[in-house]
């Protein structure tokens with residue numbers, strides 16, 4: 001269409017929406033292609049020739065992979081050729097494509113992409129082979145396999161290294177147990193959780209760790225995570241009084257799995273940690289020591305911090321491990337320094353917010369990004385499909401649920417928090433076990449019932465967890481609720497230490513009628529269990545439903 005007087009032609013809608021032709025990228029042996037894709041856009045990658053891997057998981061030849069909201073790198077040991085093209089736009093939580101979701105100027109619409117010749121992959125591979133040697137020794141002597149702790153500052157590549165070591169272990173037939181202690185990102189779960197999973201099958205190239213059991217199809221075998229809810233962004237909050245016992249419960253479950261599963265025992269565990277533990281904060285070193293002790297760590301990998309490496313060397317190198325099976329063999333801790341990859345980039349607050357929203361949306365609605373799941377469903381291998389889930393909506397009487405909320409907060413939040421910490425509310429008999437009756441609490445040897453009741457009340461007061469009274473607070477809207485395995489009348493410590501059954505999303509709150517409308521991943525009545533409110537973390541997720 002011509003513009004009058006200017007003799008210029010306005011581009012048609014078809015020409016504007018036409019995507020650029022695919023770009024071929026040739027990688028030499030030992031190099032990697034680093035790329036960043038914004039949320040709201042997709043980039044398709046196909047391996048044409050050679051071999052390549054993404055965080056240790058090999059790409060299948062001639063298979064199209066779709067990425068969105070990703071910062072990653074594809075590495076090749078022997079050289080390869082990739083085909084990169086722009087994919088379709090993906091709507092956000094509100095059904096629209098955000099301005100930040102426009103494609104970039106790189107190949108296929110990537111925000112940033114380049115080829116790097118210098119990578120730490122040889123170091124990481126050497127770590128894998130060293131761990132394999134330790135696993136072989138453990139099998140021969142009947143001991144537990146290596147227990148690996150990964151430390152480093154924020155955005156140093158700790159999770160990427162965890163994926164690489166896990167993928168390499170699975171590739172040689174091992175069964176590593178991976179532990180995620182970072183509540184800012186969920187592993188096979190939503191943000192605000194810590195979890196552990198035994199990996200028997202390959203990781204998902206497009207979705208990272210893969211997916212937990214769901215009612216929809218999956219191209220990669222699903223994993224079964226053990227999840228604990230920690231709705232606080234800082235593990236050191238309240239001097240670690242909440243995070244520390246959760247770590248202990250998770251470690252107890254992991255060690256129990258290793259005792260019963262011979263494959264997991266021989267392979268060992270890999271523990272990923274939050275970057276805040278590597279900062280010079282009060283309580284950080286104590287928390288690291290707690291993790292080392294509870295998981296009987298034998299190998300500490302430090303990435304991107306000379307100060308932390310020096311501190312770990314002084315504190316742990318060549319010191320005896322706390323493993324029960326190491327008493328006879330005198331197993332000792334090794335501290336190893338690894339190089340930080342040049343591909344590690346800072347993830348700003350806006351990107352991390354989008355990551356959290358994407359994980360929560362995927363939990364309830366499935367993945368909106370077209371994936372390769374169609375090939376697993378015997379559909380045309382050249383096509384892709386969306387894995388769409390339909391959550392079940394239902395109304396709940398607020399007075400009929402046992403909703404609890406953590407009252408720990410930073411000094412800044414204390415000034416504006418309507419739920420200020422009140423120890424008096426934590427010492428009421430409503431937190432005592434046995435249907436709110438102090439008399440039904442189990443007796444302690446050598447103590448009378450009055451002393452036992454006082455001890456139980458004092459123990460409950462130490463846990464910053466209180467029951468949310470009616471009417472239903474409006475702040476519940478657009479937040480997550482975690483259904484625990486604890487009964488509604490359990491003590492605060494029992495609720496804190498209970499693992500999670502699943503999550504609800506509060507779509508609407510009617511305070512006048514005392515009802516809330518929630519989304520659940522499965523149908524049926526909500527179990528009568530203690531429910532924990534994710535008020536402060538992962539906080540509000542607006543626009544999940546219309």
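From the backbone N, Cα and C atoms, a Cβ is placed for every residue, glycine too.
Database features (Swiss-Prot):
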type     : residues                             : note
BINDING  : 32, 71, 155, 156, 157, 158, 159, 160 : ATP binding site
COMPBIAS : 9-24                                 : compositional bias 'Low complexity'
COMPBIAS : 411-422                              : compositional bias 'Acidic residues'
REGION   : 1-25                                 : region 'Disordered'
REGION   : 410-445                              : region 'Disordered'
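DSSP assigns residue 156 (ATP binding site) to coil in the three-state reduction, placing it in neither a helix nor a strand.
Cβ environment of residue 155 (ATP binding site): 275, 344, 345, 346, 347 lie under 8 Å away, each six or more residues apart in the same chain.
Looking at the residues that bind ATP per the record, 32, 71, 155, 156, 157, 158, 159, 160, the two CA atoms farthest apart are separated by 19 Å.
Ranking the binding-site residues 159, 160 by how many other Cβ atoms lie within 10 angstroms of each Cβ puts 159 at the bottom. In this structure, residue 71 (ATP binding site) is part of a beta strand by DSSP.
Just so you know, of the binding-site residues 71, 158, the Cβ with the fewest other Cβ atoms around it within 10 Å is the one at 71. Residue 32 (ATP binding site) falls within a strand when secondary structure is assigned with DSSP. Taking the Cβ of residue 157 (ATP binding site) as reference, residues of its chain lying under 8 Å away and at least six apart in sequence are, in sequence order, 303, 304, 340, 341, 343, 344.
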